[in-house]
Amino acid sequence: MSSRSRPLVHPFDVEVPQLREEAAVNNGDPHEDTVIMKDVQGMPGTPVGLALRLFQFAFAAVSVAVMAATSDFPSVTAFRYLVAALSLQCLWSLSLAIVDVYALLVKRCVRNSRVLGFFTIGDGITSTLTFAAACASAGITVLISSDFNNCAENHCTRFETSAAMAFVSWFLVFPSFFLNFWSLASR
């Protein structure tokens, strides 16, 4: 035999620490002891998220009001589409603002995967509709003002204002969509 000492390993002599001590505390649910992400401002149930929803609603409502105030908007399909899309955006943003107010008042976070999935899909649909409507309305406005030089008979300034408010509303919907999607994907 050699004079070198060899370590003797006894796996049964080593005490293994309890890896999931929290599982016993959490009624045996192994998923409750996962790391919870901090609230990122702008996500549902945060003050910045509520502000985003209120601004989305406000700019969409201004866009609809300005467009509806013109007498000849129903004659152009793109303008009717803008009113329909931004009316939907108003309803969506106001509904989620109410959810945010409730979450802030009762101090609950909106982290349920199904709820976040619903918010993400809704934001994706409304942002796509809003962007398409804003682009179509801006295109028709440019056609009327620049190509036809027909602003004397039409309300080009109102059309431009409504399209600009629609773009601002879309610009405010995109962070909500992105943060919801990011939160859902990081689960």
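Please read every residue number as a count from 1 along the shown chain.
Positions of Cβ are set from backbone N, Cα and C atoms, glycine also.
Remember, predicted model here, so these are calculated numbers, not experimental data.
As annotated by TrEMBL, domain 'Casparian strip membrane protein' applies to 44-172.
Per TrEMBL, transmembrane segment is recorded for 50-69 (among others). Residues 42, 79, 82-83, 86-87, 89-90, 93-94, 96-97, 100-101, 104, 130, 137, 158-159, 161-163, 165-166, 168-169, 172-173, 175-176 of the same chain lie 6 or more positions beyond the ends of the transmembrane segment (50-69) yet place their CB under 8 Å from a CB of it.
Marked as transmembrane segment by TrEMBL: 81-105 (among others). Remote same-chain residues near the transmembrane segment (81-105) are listed as 44-47, 49-50, 53-54, 56-57, 60-61, 63-64, 67-68, 73, 119, 122-123, 126, 129-130, 132-134, 136-137, 162-163, 166, 169, 173, 176 (criterion: CB distance under 8 Å, separation of at least six residues from the stretch ends).
Per TrEMBL, transmembrane segment is recorded for 117-144 (among others). Beyond its flanks by at least six residues, the transmembrane segment (117-144) meets 44, 60, 67, 76, 78-79, 81-82, 84-86, 88-89, 92-93, 96, 110, 150-151, 154, 156, 159-160, 162-163, 166-167, 169-170, 173-174, 176-177, 180-181, 184 of its own chain at Cβ-Cβ distances under 8 Å.
Among the features that TrEMBL reports, transmembrane segment is placed at 164-185 (among others).
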